[in-house]
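Q: Sharing a structure with you now.
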Amino acid sequence: MPGFPDDMPFFDEPAPPPRSGSSDRAPSGIAARAMAARQASAPDYLAGLNPEQRLAVETTEGPVLVLAGAGTGKTRVLTTRIAHILATGRAFPSQILAVTFTNKAAREMKQRVGMLVGEAVEGMPWLGTFHSIGVKMLRRHAELAGLKSGFTILDTDDVVRLIKQLIQAEGLDDKRWPARQFAMMIDGWKNKGLGPSEIPEGDARSFANGKGRQLYQAYQDRLKTLNACDFGDLLCHPIRIFRAYPDVLQEYHRRFKYILVDEYQDTNTAQYMWLRLLAQRPQGEGDWRSSAEGRKPDRASAGQAAPAEGQPPQAAMRPVSENRVNICCVGDDDQSIYGWRGAEVDNILRFDKDFPGATIIRLERNYRSTAHILGAASHLIAHNEGRLGKTLFTEKIEADDAKVHVHAAWDSEEEARAVGETIEQAQREKHNLNDMAILVRASFQMREFEDRFVTLGLNYRVIGGPRFYERQEIRDALAYFRVVAQGADDLAFERIVNVPKRGLGEAAIRQVHDTSRALRIPMLEAAEKLAESDELKPKPRAALREVAANFARWQAALDHTPHTELAETILEESGYTDMWKNDRSAEAPGRLENLKELIRSMEEYESLRSFLEHVALVMDAEQQENLDAVNIMTLHSAKGLEFETVFLPGWEEGLFPHQRSLDEGGRSGLEEERRLAYVGLTRAKKNLHIWFVSNRRIHGLWQSTIPSRFLDELPEAHVEVDEGGSSYGGYGSSYGGGSFASGRGGRQNPYGASRFDNLGAGGSGTGGAGGSTSGGGAFSNTYATPGWQRAQQNRTEATDRNWGSRSGHAVERIGYGETDSGYGAGRGSVKGRTIDGELVAKSVSATPSPFTVGDRVFHQKFGNGNVVAIDGNKLTIDFDKAGQKRVLDGFVQGG
DNA sequence: ACATGTGCCGTTTTT
DNA sequence: CGGCACATGT
């Protein structure tokens, strides 16, 4: 391997020269000096760190796991640690490998290290995301993976289109075997680092009549001929190269003296393997792998919150031993929320086994939230098993800190209304909207808030919406650029060959395709050839000739034309901009604007190629921060953020925890949901408002819902249940008086105790509704009792029916088996219609609804009305006050 | 080529 | 129910 171009450090601190030759570590003299210096007078970057943080920064040698709870200064530790390594001359910037998951995190880290150390970080070439570092490596050794260095990185859309072609080429039915699904399977395999020959037989057989493996192989072959790779390959190729070419791996071993990993709990198996390979020291395996067992995290399986007992005084600096790997992973097992996309919490749970003798440091001192919020979060997360155990605490406890508020609302509309009011109230008290966030479980929940805020005229911003690069016009433009940069990029070529319309229909494109396959040349070349031959009709032939000529010209200009200029030329000459200029639709001007923005953003890059790389890897678009607006986002995208006031709506069984997580993930699925709840709670600095509603529209039908079990897992001492209800108008009051206070209409939780069961959902304000029996009075510790346990079990079953998974058939909600608690109070009780898969699907048509057209009925949400139509168990009812709605018969009672 | 029709699906998302 | 992807018809 040629030497690395950026090998020469350009770090001009008073650092010692690099250790010559073999040693990978700093001479112990430096460490000693650093220690001495620390005792005398610590460098100012260490000032202000608490003892645990400082330990995490100064334990530079050997494997270290920093368990950093939410808001405990994780990023600070990471950046200070880098600064410390640099400042004490342990390594040059180019000798530190620092990996993050997101570009945002990488950017922030770069910036903060820069602030600590000065400009010298410019020279940290190996600080970046797993993927960006992966590409960097792969570009260097592309030929070892059968690629050329200029390879294209395909995005998900390209991948799906490609797979679809392959499925069709196999003569398979692409409806029966959806490309998207296979793309997901491949992604899953790559997350585990599995190549076509390594996937489990079962997986291989389960797709495409047992052709899964073959298809996967065909896909990889196709990528190779396209000189392209997908995201998974950015790690899988390097892994394979490291294994097959030890000399290459060794280069990296020599290079990286320190490895740092952010958000370790989110690593997947491939990332883990990649790290392991880089962290392994072949000659020194013996030392760190078999050394006497280090301290083990004995507080694992903390069923009960572990008290914040003082940390065992860990040695500030371990003796430097020859072959220990200086890898430092930072993460929080309690915030692992990406299991569904391949993250293995187990990686972090196993750390001390993978790296025996690892130092484990817990950061539990929280600087973000009030004691009430932390108390609630800690208590909730303590319900998880299999955690390393960690309890956040804070030292600043104010007497007037607010407890965590739990509110009930009648339905999601009222929920949005009430949250809106709380926000407006806060705004009147001079709080910034920027400091408030609504964190939802699923994005469909956002709409209701948006609608409400639009009518209120309240500014809001949605974080994590559709992205810039995903827009049609951007992707089209990029496709042009890709073909220019890499003529073999057939996917890009196909995308734009007839955009704008050039009269190249299906037939013509097929022809190009076939030629390309037959001659084994890229489609662009095939097009060129076809344009010369007379196999095509004159019209498409001329069109192809022009396209080919255009690309030839642009490609020729690539090296001697400024890339922004070239980009503009391409879009002009291809007729792409004209296409939108002539478009009369409402979006057209915006699209043109986006294209301008695209060109503008290219200026920051050296070349078209480096720009394309950036686009492939970086998806975030800048948000306008200057506007004061309420933030709306999913819980997932809230990780890592903090807000003064946080609203957590939708805490209902089925939505949160999400039914699908429960169905597919079982116990671990539930635990991940709980961690998600924990993430949500710990985003709040001062005020936290949790909401649940009694009625939510699911797939177009109103369903009654049950408070989330997570509510019951909050500690009474830190929670205040809002009994006031909000001002809710509508029909609520008209019937609030009675019916369901006694548990009618499905409001009652038939399997027992939840202290929220009778909390007046919106109606409590009006006296009887929801039962003033309820609220605070019913607030008791129900968890941990046998009854509660039982309830949990029943609850799962019942909510299954509530949210019904599609595989089972229709969304159902027909009584609760034996425990029929008064749904069908009036006529035709639905009792006993215990449903079960197949049977119900039939029963929908076979079993007529207990109601008939014209019946007078009562519904919890809409009040009284007349049945006007019946479709199986779905009733269309003309309500007196609410108009016409469709509801399930289980929700109404005969009037 | 564009328009309307049909069927399916419905959590979370980065790179 | 509503949005999207695909399919068929003019």
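Don't overthink the numbers, they just go from 1 along the chain as shown.
In case you wondered, yes, glycine gets a Cβ from its N, Cα and C as well.
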Q: Would you mind telling me which of A:285-317, A:582-614, A:846-878 TrEMBL tags as region 'Disordered'?
A: A:285-317
Q: What other residues of this chain sit with their CB within 8 A of the center of the CB atoms of A:A68, A:G69, A:A70, A:G71, A:T72, A:G73, A:K74, A:T75, the recorded ATP site?
A: A:V77, A:D332, A:L363, A:N366
Q: Counting all other Cβ atoms within 10 Å across every protein chain shown, which of the binding-site residues A:T72, A:T75 scores highest?
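A: Selected residue: A:T72.
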Q: Could you tell me which three-state DSSP class A:T72 (ATP binding site) falls into?
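A: Going by the DSSP assignment, A:T72 (ATP binding site) belongs to neither helix nor strand, so it counts as coil.
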Q: Within 10 Å of each Cβ, count the other Cβ atoms, then let me know which of the binding-site residues A:G69, A:G71 comes out lowest.
A: A:G71
Q: Using Cβ atoms only, which residues of the same chain lie under 8 Å from A:K74 (ATP binding site) while being at least 6 residues apart in sequence?
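A: Within the chain, A:K74 (ATP binding site) has Cβ neighbours under 8 Å at A:V66, A:A68, A:D262, A:V330, A:D332, A:L363.
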Q: Could you work out which of the binding-site residues (A:A68, A:G73) has its C-beta surrounded by the smallest number of other C-beta atoms within 10 A?
A: A:G73
